[in-house]
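Pasting in a structure now, in structure tokens, and then I'll have a few things to ask.
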Amino acid sequence: MYQPDFPTVPFRLGLYPVVDSVQWIERLLEAGVRTIQLRIKDKRDEEVEADIIAAIALGRRYDARLFINDYWRLAIKHRAYGVHLGQEDLETTDLEAIQAAGLRLGVSTHDDMEIDIALAAKPSYIALGHVFPTQTKQMPSAPQGLAQLASHIERLADYPTVAIGGISLERAPSVLATGVGSIAVVSAITQAADWRAATAQLLDIAGVGDE
């Protein structure tokens, strides 16, 4: 059995939106989401610090699991619930500092080799993707598909996992059927014609996560 060294998270984190603004954080927490990630890319720390402070405050207000993507120093400074890192960030991040601060850690993976690298860090959860084609960001690898996702889930057993990449409202049930603990979504909410309805439907499917 794999065991995280970082503080644990529930196996089921529920619906896990990944958004790029405090406005979306507030909207979705108000709508009932309880696991969420702020992902702001390619800005200096001083440009994003105010947004990170505001997002963390919202997370506390709603008793939510708020992860900060990449900006681990600011996440430590302002005591976020957790940090999410890509593979490319692992070598340049002080993982011991994150752990010492008591923050949870999530790590992205795209194949078996990256899963091995992630497991060596013993994070709180492992993200598996991208499951389907996605327009949200440039991806260096091909989509995994459901069969490969299910294979990863079988390997990781009861380790907390999050599926990400091209997961729509229609695809969400088949993704969860693989046994993955949680689903991360981006455009399924932020580009929906009615984001409130989309969020409510996805919450019905994926839930808010375990306590």
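In case you wondered, yes, glycine gets a Cβ from its N, Cα and C as well.
Keep in mind that what you see is a predicted model, and the values were worked out from it rather than measured.
Swiss-Prot feature annotations, pasted as is:
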- Q37, L38, R39, I40, K41, N69, S108, K137: 4-amino-2-methyl-5-(diphosphooxymethyl)pyrimidine binding site (BINDING)
- D70, D89: Mg(2+) binding site (BINDING)
Find, for the listed binding-site residues Q37, N69, the residue with the lowest Cβ contact count at a 10 Å cut-off, counting only other Cβ atoms.
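Fewest other Cβ atoms within 10 Å, among the binding-site residues Q37, N69, is found for N69.
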Look up S108 (4-amino-2-methyl-5-(diphosphooxymethyl)pyrimidine binding site) in the DSSP assignment and report helix, strand or coil.
strand
Between the Cα atoms of D70 (Mg(2+) binding site) and R39 (4-amino-2-methyl-5-(diphosphooxymethyl)pyrimidine binding site), what distance do you get, rounded to the nearest Å?
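So the alpha carbons of D70 (Mg(2+) binding site) and R39 (4-amino-2-methyl-5-(diphosphooxymethyl)pyrimidine binding site) sit roughly 8 Å from each other.
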So among the binding-site residues R39, K41, who's got the most Cβ atoms within 10 Å?
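Of the binding-site residues R39, K41, the highest Cβ count within 10 Å belongs to R39.
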Let me know the DSSP-derived helix, strand or coil state of D89 (Mg(2+) binding site), please.
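Going by the DSSP assignment, D89 (Mg(2+) binding site) falls within a helical segment, counted as helix.
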Using a 10 angstroms cut-off on Cβ to Cβ distances, just flag whichever of L38, I40 is the loneliest among these binding-site residues.
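Candidates: the binding-site residues L38, I40. Fewest Cβ atoms within 10 Å: I40.
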Sorry to bug you, but what's the C-alpha spacing from D89 (Mg(2+) binding site) to S108 (4-amino-2-methyl-5-(diphosphooxymethyl)pyrimidine binding site), rounded to the closest Å?
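With distance taken Cα to Cα, D89 (Mg(2+) binding site) is 10 Å from S108 (4-amino-2-methyl-5-(diphosphooxymethyl)pyrimidine binding site).
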L38 (4-amino-2-methyl-5-(diphosphooxymethyl)pyrimidine binding site) to D89 (Mg(2+) binding site): how many Å between their Cα atoms?
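Cα-Cα, rounded: 16 Å.
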Roughly how many Å lie between the Cα atoms of I40 (4-amino-2-methyl-5-(diphosphooxymethyl)pyrimidine binding site) and D89 (Mg(2+) binding site), rounded to a whole value?
14
Once near-sequence residues are set aside, which residues in the chain of D89 (Mg(2+) binding site), 6 or more away, have Cβ atoms under 8 Å from its Cβ?
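Residues satisfying the criterion: D70, W72.
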Around D70 (Mg(2+) binding site), how many other CB atoms lie within 10 A of its CB?
21
